[in-house]
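S.K.: Please find one structure pasted underneath; my questions will follow.
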Amino acid sequence: AQSVPYGISQIKAPALHSQGYTGSNVKVAVIDSGIDSSHPDLNVRGGASFVPSETNPYQDGSSHGTHVAGTIAALNNSIGVLGVAPSSALYAVKVLDSTGSGQYSWIINGIEWAISNNMDVINMSLGGPTGSTALKTVVDKAVSSGIVVAAAAGNEGSSGSTSTVGYPAKYPSTIAVGAVNSANQRASFSSAGSELDVMAPGVSIQSTLPGGTYGAYNGTSMATPHVAGAAALILSKHPTWTNAQVRDRLESTATYLGSSFYYGKGLINVQAAAQ
């Protein structure tokens, strides 16, 4: 049997599914640790690896990318879980190794691949405490080329009035995503700061894991693919909308939850965003 993870319902994705919008013809690059393409609940259409020691993008030694991918696009079938945009086209862009770490040069190469291969949405459930000029340049290039870029705000919690949002989420051109639980409370680990844009479910998120299995993870890494999937749903309903329009709709229709320093504009509501 197939279960619908709570986060899918919390962002109101099923309302769009019932209208017939499931992300068809929208290309989503999962810039991460790879995706296990043999998983029966995933359909990976392509990809590339920029990790010198791990050349196969369709293997995922850390399980992180496979989990992220399932939240975006786990198939609507009789097994496992359901993703936000189950018909969207997943691309595995490996920039993190099996320990979950990577170099900015690998990430930059992955973003360049996404631009060259006409991706519509980029999911970056990754980040670090310092940025780089080259990273900012390529992220801005992706956005100016029309791609919706969702990035994890980070799992550093809050630190008084100091921003704990990581890079690349801290760059204004990205949609910086924080995490809430099923009761719309901010996760204690979710980074805070003026750069935070929106919130999505990121606590006990059930999704796909390598080897045809499933499991629950926590993190802003789990919240971000809800936003990437939401962007794919919106674009499948409104294929002529620009990335700026998609972002504006996600932010302007979000449900207010509290101070923007901790919650950004609030919880995304993809049903309202895609009106």
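Numbering starts at 1 and runs along the chain as it is shown here.
Cβ coordinates come from backbone N, Cα and C, glycine included.
Bear in mind that the values here come from a model prediction, so they are computed numbers and not experimental data.
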S.K.: Given that Swiss-Prot assigns Asp41, Leu75, Asn77, Ile79, Val81 to the Ca(2+) 1 site, pick the one from Gln2, Gln10, Gln185 that the record assigns to that site as well.
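M.R.: When Swiss-Prot describes the Ca(2+) 1 site, the candidate it includes is Gln2.
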S.K.: Fill in the CA-CA distance, Gln2 (Ca(2+) 1 binding site) to Ser221 (active site, charge relay system), as an integer in Å.
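M.R.: So the alpha carbons of Gln2 (Ca(2+) 1 binding site) and Ser221 (active site, charge relay system) sit roughly 23 Å from each other.
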S.K.: Measure from the Cβ of His64 (active site, charge relay system) and count the other Cβ atoms within 10 Å, all protein chains considered.
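M.R.: Result for His64 (active site, charge relay system): 25 neighbouring Cβ atoms inside 10 Å.
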S.K.: In the structure shown, which of the recorded positions Asn77, Ser221 has the fewest Cβ neighbours within 10 Å?
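M.R.: So among Asn77, Ser221, the recorded positions given, the one with the fewest Cβ atoms within 10 Å is Asn77.
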S.K.: Would you mind giving the whole-number mean pLDDT across the domain 'Peptidase S8' (5-274)?
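M.R.: Computed over the domain 'Peptidase S8' (5-274), the mean pLDDT is 99 on the 0 to 100 scale.
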S.K.: Which of Asp32, Asp41 (the recorded positions) has the most other Cβ atoms within 10 Å?
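M.R.: Most Cβ neighbours within 10 Å: Asp32.
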S.K.: Just name the most isolated of the binding-site residues Leu75, Ile79, Val81, Ala169, going by other Cβ atoms within 10 Å of its Cβ.
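M.R.: Counting other Cβ atoms within 10 Å of each of the binding-site residues Leu75, Ile79, Val81, Ala169 gives the minimum at Ile79.
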